[in-house]
Structures are given as structure tokens and as C-alpha cells.
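Features of the protein shown, as given by TrEMBL:
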- 27-50: transmembrane segment (TRANSMEM)
- 42-291: domain 'G-protein coupled receptors family 1 profile' (DOMAIN)
- 62-83: transmembrane segment (TRANSMEM)
- 103-121: transmembrane segment (TRANSMEM)
- 141-163: transmembrane segment (TRANSMEM)
- 205-227: transmembrane segment (TRANSMEM)
- 239-261: transmembrane segment (TRANSMEM)
- 273-293: transmembrane segment (TRANSMEM)
Amino acid sequence: MDAANESSEGTPFILPGLTTNPGKQRLLFVLFLVLYVGGILGNGLIVAAIRASPALHAPMYFLLAPLSFADLCFTSVTVPKMLANLMAPDRSICLAGCLSQMYFFFALGVTDSCLLAAMAYDRYVAIRHPLHYATRMSRAVCTAPVGTAWLVSHIHSLLHILLMAHLSFCASHQVPHFFCDHQPLLRLSCSDTRHIQLLIFTEGAAVVVTPFLLILASYGAISVAVLRLPSASGRLRAVSTCGSHLAVVGLFYGTVIAVYFQPTSQYEAERGRVATIMYTVVTPMLNPVIYSLRNRDVQGGLRALFSGRRISAGDS
């Protein structure tokens, strides 16, 4: 191990966060605390309601539970540290802590991506093949994408972290971000980062762009089916639901692609921080509202959860 690496291992990284203005720090602390608590409560309640209510053991909710759990963990990887840094004078993080944060951030982000694709396919089958929905989306069929999502995401994350761990950081250790993210760390490295950037544009693109294309294809087919519905109210309701789903999906993937799929030399810290907030804080908070809290079955499951009453599938 060279001297630069030894120096980088012993020197902690500094995360200046979103701002150094004390007045803005307090305002941002309150804002993101509210968003974080809202996201944790929303996703946590969805997971608890689905586990507690037999009426919510349909394939759609079997996929929704791991999505909500992944969102809950995803925000918890970055937001608590960001909140602490907004109020504490010490904003340092060691190399091991930085790499650990990156590992779980990438793993949970890719899990989110894969599960969103699985849920889009589930809605496609439900609308295009309603008579065969139970067989096409059986418990075994639903288990496969969930297991695949977790496996692929952790392999993806491990590969990236192993490469990042071999970088030397011999310049400034101040990361212009609120957590340890790929692009700002690469800009601080004095090592050759071309192999990591190549990995981002190849393997990274596969685990992000492929689910995104599958989602677009699924909702494209759903749109064709919706236009054939005989009821105008049914078409309007379906368009409203699909539109809100696509809005969140577009926000998630649009900001992810904008941040990661660009050369490191073109990365702008301020724009990157704003875009990152969209997919680390905003979309995990919106997912419970968009995918479940407007659903009558989920609302019934939440009422049963709070009242202690169990709802059977026939009661929904």
C-alpha cells in the first residue's frame, strides 16, 4: 500500500452538507426531519398493514411490502447523517464509514429500481390478463423478482465498493455533498478512475436503464388496454393512477440518470446535491402515497392495524 493510500485511510472525509449558513441549516433540519419522519411512518405502516392483514396478501401487495421496506432503509442510510451534520460541528466520516454508506445506498437504490419494474409488470398483467392474473402472478412468480432484486443489487454494490476501496485520496478530503456518493468521491481521487467510470456506464446502466425500459414498456401496454375500457370513468381512474406512477418513476430515474451517467469531469456539486435529494428523500416519501395510501384495501388494512381487528380477504 502506498503512502497516499495510508494517508487517505487515516484522514476522515468531511461532509459539508447542503449549506454552511446557520439560519438555513436550522430550516433545512426541520424540513428534512419532517420529510424523513413522514417517509419512515408511511413506509413502515404499509409494511405493518400488509403483514397484519390477510386481505393484503395479493401479489401486488407482496411486491409492495419489500418496496416500502427498501425505501425505509434507503432513506435511513443517508438522511440521519445529513440531519446530524446540519446541527453538529463535527461533520467527519471515516473511510470505512463512507464505503459502508455507499454500499447500502447503492444496494438499496438498485433494489428499489428492480422492484419498481416488477410492480409495473404486475399492473400490466392485472389489466391486460385479469382472468389469468392469479396464475401468472403466483407467490412463486412474485418471489423470484424480489429475490433477484436483492441478489443483483448486493452484487452490484459489492463490485463498486471493492473498486472504490482501492482508490487513493491524496487531495482534499472535503466531499461536496451530504453523504458519500460516487461522483464527488471520484473527483477527489488521485488514482486512475477510468475503470470505475466504465463500470458505471456498462454494468451500472444495466441495473438502472433496463428496469426503466421495462417500466415504460409495461405502462405503454397498459395505456393501450386503458383506451379500450368501455367506461369513461374507468379510463379516467386508470389514467390518473398510471400518470401518478409514471410521475414518480420519471422523477426517480430521471434524477438518477442525470447524476450518475455523466463523466466525472462534468459533475457539478450543487446540481448533483439537488438531484440526489429527489431520489433519496422525495420519491421514498411519495411511494407510499402513490402506490398504496390511496388504495381502499390498504386503507382498510391500516384501520384494522390501528383497531387491532383482522380483516379477511372477503371483507375487503
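Note that Cβ sites are derived from N, Cα and C of the backbone, with glycine treated the same way.
Please treat TrEMBL annotations as automatic predictions, because they have not gone through curation.
Worth saying up front: this structure is predicted, and the values here are computed from it rather than measured.
Within the same chain, the transmembrane segment (141-163) stays apart from the transmembrane segment (27-50): fewer than three Cβ pairs sit under 8 Å, each pair at least 6 residues apart.
Per-residue pLDDT, averaged along the domain 'G-protein coupled receptors family 1 profile' (42-291), amounts to 85 for this model. Put simply, of 62-83, 103-121, 273-293, the stretch with the most CB pairs closer than 8 A to the transmembrane segment (205-227) is 103-121. Beyond the ends of the transmembrane segment (273-293), by six or more residues, the same chain brings 18, 32, 35-36, 38-39, 42-43, 45-46, 61, 64, 67-68, 71-72, 74-75, 78-79, 105, 109, 112, 119, 176-179, 181, 244-245, 247-248, 251-252, 255-256, 258-259, 299 to within a C-beta distance below 8 angstroms of the stretch.
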